[in-house]
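Record features (TrEMBL):
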type    : residues                             : note
BINDING : Gly76, Leu81, Ala127, Glu128, Arg142 : S-adenosyl-L-methionine binding site
Amino acid sequence: MAESDELPDAPAVAREVFTGEAWPRAQAFAEMLAGPGVVRGLLGPREIPRVWDRHLLNCAVVAEAVPQAAHLVDIGSGAGLPGVVLAIVRPDVQVTLLEPLLRRTTFLEECVEGLKLDNVEVVRGRAEELAGQRTFDVASARAVAPLDRLLSWSMPLLRPGGQLLAMKGERAAEELDAATQQLHSYGVETAELVTVGRGKVDPPATLVRVVAGRSPARRAQATRRRRKR
């Protein structure tokens, strides 16, 4: 079993991305991911050498696209990527970590307490269950589902003009094209690819950024249609 002491040193750029109080918190979270996160099966042992480059830094640069003082929901937060990282690097943002599995929410709660993150809440549940109860400025997601399915989870959670920031890799453009019908049905204002982290991560991170339309009724109608299928 991999241990947290196998975690490599943070690259120099990490000190530029995680500044002030964010730096010791980022170090501590890296240890949590490489230790308890691996032991509990939230992160694979082979990911330990890539915790900084592939996970922490790759998630941290998403903050470039998050508006000031936003209320953000991280859908299917898993091990806290990107939600916990965004909370660390952006203390002005209120983060809700939404995750249905108990073992994951237990880990997330321990991380939030251990890192002393007072801008984070952990909610055990699914996006469909939270819809109609709360709305957010931003919904983030990483490796949760294809974009067409992610739209059905995220759009009902966004206020008019709110945005989905979906971390996608090489197939981002393909997923965006495949979701054309769903994007139209939700009446979104904008759907585009956004690159973040130039000069900080290599390759830069690619986001699918979808801005929710101004008509909540149309989004609700689209959600109902999808649920009937």
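In case you wondered, yes, glycine gets a Cβ from its N, Cα and C as well.
Curation does not apply to TrEMBL; its annotations are automatic.
Counting neighbouring Cβ atoms within 10 Å of each of the binding-site residues (Leu81, Ala127), the lowest count belongs to Ala127.
In sequence order, Trp153, Pro156 constitute the residues six or more apart from Glu128 (S-adenosyl-L-methionine binding site) in its chain with CB-CB distances below 8 Å. In sequence order, Cys59, Gly78, Leu81, Pro82, Ala166, Met167 make up the list of same-chain residues 6 or more apart from Arg142 (S-adenosyl-L-methionine binding site) whose Cβ falls under 8 Å from its Cβ. Annotation note: Ala127 (S-adenosyl-L-methionine binding site) sits in a helical segment as assigned by DSSP. Of all Cβ atoms in the shown protein chains, 21 besides its own fall within 10 Å of the Cβ of Gly76 (S-adenosyl-L-methionine binding site).
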